[in-house]
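Single-structure report; data block below.
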Amino acid sequence: MHLNKTQILAVEESAHRLLIIAGAGTGKTAVITQRIAYLTQKKGIPSRDILALTFTNKAAKEMQIRAISIASELERTTFTTFHSFGAKFLREYGKVMGLYRYFTIYDDQDQLALLKRLYPSEPKKQLLEWRHLINKAKDYALSLEELDNYTHNIEEFRAMFDDYQQTLRANQAVDFGDLILLPLQILEQYPLIKAEQEQRWHAILVDEYQDTNRTQSALLQKLVGKATYLTVVGDEDQSIYAFRGADTTAILEFDTIFPETKMIKLEQNYRSHQHILHIANYLIDKNINRLGKRLFTENSSQKPVEFHTFTDEIEETKWIINQIKANALYKNRTTAILYRTNAQSRIFEKYLTQEQIPYKLVGAMRFFEREEIKTAIAGLTLLINPYDTVAFRRILTTPSRGVGAKSIEKIEDLQKELKESSLIDSAIQAKLPSKARVSIEKIALTYQALQNQLEENSPLKTLLATLLHELELFQHYQEKDQEEGSDRLENLQELLSALSFYPTGKDGLIAFLESLQLNQQPEEDQEQTTLNLITIHNTKGLEYDCVFLTGMEQHLFPKINTHSRNIVEELEEERRLCYVAITRAREELYVTHAQQRTLYGERRYQQPSQFLQEAYLSEDVTLHHHDVEAQNNGDHIYYIGRWVRDEEYGVGKILKTHHTRAGHLTLTIQFKERIATFFPQFRQLEPIVFDGLEEF
Ligand code: ATP
Ligand code: MG
């Protein structure tokens, strides 16, 4: 690859503070990886003293692969996510805050379980709200005064927050927010550790900087010393993590935080064809909150982008799969089927399996969120963190072992009194009913055996097998599979085989648990397939020859809550997400939507996404309708809620459909000025495929 002039300037820039702002596909990641190579080769910075940070595990991995292909010595460079970095940091330095090396990482489900235990009589809505506020407080590093703006009752929130924090610490657990906030606090409070870190990293490079939240940006500030080369690259149009506290102020305020920042802009896109880039530019232009930059490409324009309309999601799926089959897209080229929500992958999986087309499901239905996996993880967690009450409760109650809520409370209370004693030891000492006692003794024996295995460096796989067997979890989930037709045993099997990639002992186990908790898929055999099923959020920084962007329907994408107070911001965020999706495509882009879809168990009529309209440019897009049946039966074209255009009255929305006794369809339509009823047979009503949001 021959870098262009501006890219070379960016790679070789001598300033210690460098901000690169650039649109999708302009070579931001390429520049970062080249700059890492440049810093090691020309500036003599040892490759292991370089830290490269980004947001998804997949992006970190991708960056590492690219870097190593430039210079093999970059194997020693740390490519990681902010959260993994935080976890690693805490395992090393957390003890200054009383955090045990083998702490547990709680995801949002665990957070909720903990809150539920603290406040059993509060409604779930309240708990969800509190969880949201807790995360917000941590992601934004909010002070109490600032928090006051978000809650009606700051006193109540504060008391809750204190309870929550105390319990987390007593459990030797941290949540995702803590993974960033605690390292930040440690660096603030311990100058020696800060000095050590400043010297540790001679260069820090951050990709996808637009996704940093306030706490992450503060952490970054603390890691950087005077002599550290700091390079950040970002694109405000691709900021899609507002829900985790990221906003574009990170980019806008960069040079305030770091004086003497050199700024470079890249505008030439190397990834996508003209047509694709045009519609991406056109769409993102609808956002008001942006710095505004225009991308251009010298790539020739080839196939126009195709917009396809289907009667329902089954037709949509079948057509896509036919396309993939007919063009052997699963082996010749990299291809991705993109969707807004995880649940949409199911139907593609079903038909791909039927057609025996190999595919890879990327980061979807998070593996570790499955019930059986959570239980297995809880079992392993308890082995290295004997204070984790969330894990303990899970083991005590799955399957039901005759240990009631009262007994559990007694045990936990006793443990608080005894302090140093583990939960299981406390359970042995607690006064419990005889049934509970028998169960506890069995569990204690099992853990004793597991502890021995761990110390003897038995393979982790053996450990987990013992655990599942002795605690009757195999049996429990086998029964469940028989009842529900689920495949929980198979998932446990997968977990077992994933474990064989990890070293033995406590450190191997912690590495394994961390990889799951930080939402990576466990290590797997790298299956050779080029077809990916992936949510748009997970495609950050990636690219494919051919992209199918599916389910482009109002309420599905953009997925916004029409009652929300921040509807404008939310819509803009969804639009950025759509921009990310479009700009993943190199050569071919197919955008599809269905007129009906089963969502959350309900059959619904779907309006086309407003983004179709907003990205539609006649010279770059061709339209395709697949509603063959509709030709014969007006019901399919004209349904309630659909927009049509009438020569005389203009644009209107169908309010009612009705069949006369003779079987003729009539439509009652709300136009801007009037309501009118027609026989569509006799009146030229043009269904509008794309409509705006505004209602009149
Ligand atoms: P995103 O915003 O999606 O993360 P990006 O700005 O990081 O995109 P890259 O992924 O680095 O862009 O580059 C996009 C594509 O363009 C890659 O395939 C890369 O190899 C290619 N590319 C980048 N710069 C050049 C160049 N100067 N000549 C040829 N190809 C290039
Ligand atoms: Mg990139």
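Including glycine, each Cβ sits where the backbone N, Cα and C put it.
Annotated ATP binding site per TrEMBL: Ala22, Gly23, Ala24, Gly25, Thr26, Gly27, Lys28, Thr29, in sequence order. Sequence annotations record features per position, and here TrEMBL assigns domain 'UvrD-like helicase ATP-binding' to 1-273. According to TrEMBL, the domain 'UvrD-like helicase C-terminal' annotation covers 274-541.
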Assigned element (helix, strand, coil) containing Lys28 (ATP binding site), judged by DSSP: helix
Reported mean pLDDT - the domain 'UvrD-like helicase ATP-binding' (1-273): 91
Spatial neighbours of Gly23 (ATP binding site) that are distant in sequence (at least 6 apart) but have CB under 8 A: Asp235, Asp237, Leu266, Glu267, Asn269, Lys293, Leu295, Thr583
Proximal but sequence-remote residues of the same chain as Ala24 (ATP binding site) (Cβ under 8 Å, at least 6 apart): Asp235, Asp237, Gln238, Asn269, Arg271, Ala280, Leu295, Tyr579, Val580, Thr583
In sequence order, those binding-site residues of Ala22, Lys28, Thr29 whose CB lies under 6 Å from ligand 2: Lys28, Thr29
Ala22, Gly23, Ala24, Gly25, Thr26, Gly27, Lys28, Thr29 excluded, remaining Cβ within 8 Å of their centroid (ATP): Ala30, Asp235, Leu266, Asn269, Tyr270, Arg271
Ala22, Thr26, Gly27, Lys28, Thr29 as binding-site residues, winner by CB count within 10 A: Thr26
Intrachain C-beta neighbours of Gly25 (ATP binding site), sequence separation six or more, cut-off 8 angstroms: Asn269, Tyr270, Arg271, Ser272, Leu277, Leu295, Glu543, Thr583
